[in-house]
Amino acid sequence: MLDMKLFAGNATPELAQRVAECLHSTLCKAAVGRFSDGEVSVQINENVRGGDIFIIQSTCAPTNDNLMELVVMVDALRRASAGRITAVIPYFGYARQDRRVRSARVPITAKVIADFLSSVGVDRVLTVDLHAEQIQGFFDVPVDNVFGSPILLEDMLQIGLENPIVVSPDIGGVVRARAIAKLLNDTDMAIIDKRRPRANVSQVMNIIGDVAGRDCVLVDDMIDTGGTLCKAAEALKHRDAKRVFAYITHPIFSGNAVSNLKNSMIDEVVVCDTIPLPQKIKELPTVRMLTLSGMLAEAIRRISNDESISAMFER
């Protein structure tokens, strides 16, 4: 068995530290900084020859900086004769462009990043709730896409939901919502049919399902400006929903997210720690964060020991 070693970039240091603690380990020494012109500087400060290396680094904002940190760290470790390198990317950035819609002249950035990571010497990728599961097929190396839903579901069962109904904020999230509804005591499901005139602007059109007098649980893989979820909550409350909770894996929180949430009808937004929260978001009383550190630690342990990852989610 290879000697497992954990490294972290600057994107998610608190999550990386919690993962290390769950594994009863410590983060290995590496200097990850910047040269005076802004270029990424990396130096590995301990022996990694033949080691089973895990680099914990989300490619969240600043996306390009964090991505470059990751690939430069991989290159440094590869040149230091690491035995196997797994990129642990809790939030996989650039995933929202995964196809060319109607042959538009746009890039498929998810494929570009997959090729980039494969080319620098990554042996395996571990990520959480990919925006589209088919992105795994863009890689030339194995990809383990684990799910935040067990952590979110555990919290749902503890907050005292009354007559709950799981709501998908759009048609594309129906599969995710159906899976959560089944696990949440096989509860009912509703769907919000919306039209999006331009990026980050959504218009709620119709609600499929009866939400009157019920606690609504909106589920999605990411929240960006929050516009979609805020409009969804407004529509649900106008249909006499009792309370509205949003359970989201990736808290991007960009643009007008703070003002949107301040003025929202959402009773609570529950997110995971795949991306650090901005201070202004932390100060909002309606936002609460759960940690995926235990789940990621178990996935890392299983990969290192050549055990099944899918067995983690069998119930």
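Just so you know, glycine gets a Cβ as well, placed from its N, Cα and C.
Noted in TrEMBL for the protein shown:
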type	residues	note
ACT_SITE	Lys194	active site
BINDING	Asp37, Gly38, Glu39, Arg96, Gln97	ATP binding site
BINDING	His131, Asp170	Mg(2+) binding site
BINDING	Arg196, Asp220, Asp224, Thr225, Gly226, Gly227, Thr228	D-ribose 5-phosphate binding site
DOMAIN	4-121	domain 'Ribose-phosphate pyrophosphokinase N-terminal'
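Taking the features listed in TrEMBL, we show where each one sits on the structure.
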{"residue": "Asp37", "record": "ATP binding site", "contacts (Cβ under 8 Å, 6+ apart)": "none"}
{"residue": "Glu39", "record": "ATP binding site", "contacts (Cβ under 8 Å, 6+ apart)": "none"}
{"residue": "Gln97", "record": "ATP binding site", "contacts (Cβ under 8 Å, 6+ apart)": "Val106, Pro107, Ile108, Thr109, Ala110"}
{"residue": "His131", "record": "Mg(2+) binding site", "contacts (Cβ under 8 Å, 6+ apart)": "Phe92, Ala95, Arg96, Asp98, Ala110, Asp221, Met222"}
{"residue": "Asp170", "record": "Mg(2+) binding site", "contacts (Cβ under 8 Å, 6+ apart)": "Ile191, Ile192, Asp193, Lys194, Thr228"}
{"residue": "Asp220", "record": "D-ribose 5-phosphate binding site", "contacts (Cβ under 8 Å, 6+ apart)": "Ser168, Pro169, Gly173, Arg176, Thr228, Leu229, Ala246, Tyr247, Ile248, Thr249"}
{"residue": "Gly226", "record": "D-ribose 5-phosphate binding site", "contacts (Cβ under 8 Å, 6+ apart)": "Phe253, Asn256, Ala257, Asn260, Leu261, Ser264, Val269"}
Fill in: ATP site span - longest C-alpha distance across Asp37, Gly38, Glu39, Arg96, Gln97, in Å
30
Worksheet item: Considering the binding-site residues Gly38, Gly227, which residue's Cβ sits among the greatest number of other Cβ atoms within 10 Å?
Response: Gly227
Item to complete: Quick one: among the binding-site residues Thr225, Thr228, which has the most Cβ atoms sitting within 10 Å of its own Cβ?
Response: Thr228
Fill in: Coarse DSSP state, helix versus strand versus coil, of Lys194 (active site)
strand
Item to complete: Summarise the domain 'Ribose-phosphate pyrophosphokinase N-terminal' (4-121) by DSSP state, stating how many residues are helix, strand and coil.
Response: 42 helix, 29 strand, 47 coil
Worksheet item: Which three-state DSSP class does Asp220 (D-ribose 5-phosphate binding site) fall into?
Response: strand
Response to the item:
What DSSP gives for Gly227 (D-ribose 5-phosphate binding site), in three states, is helix
Worksheet item: What is the interatomic distance between the Cα atoms of Gly227 (D-ribose 5-phosphate binding site) and Gly38 (ATP binding site), given in whole Å?
Response: 33
Practice prompt. Give me the Cα-Cα distance between Asp224 (D-ribose 5-phosphate binding site) and Gly38 (ATP binding site), rounded to a whole Å.
Written response: 27
Worksheet item: Averaged over the domain 'Ribose-phosphate pyrophosphokinase N-terminal' (4-121), what pLDDT does the prediction give?
Response: 96
Worksheet item: Cα of Gly38 (ATP binding site) to Cα of Thr225 (D-ribose 5-phosphate binding site): how many Å, rounded?
Response: 28
Practice prompt. Determine, from DSSP, whether His131 (Mg(2+) binding site) sits in helix, strand or coil.
Written response: coil
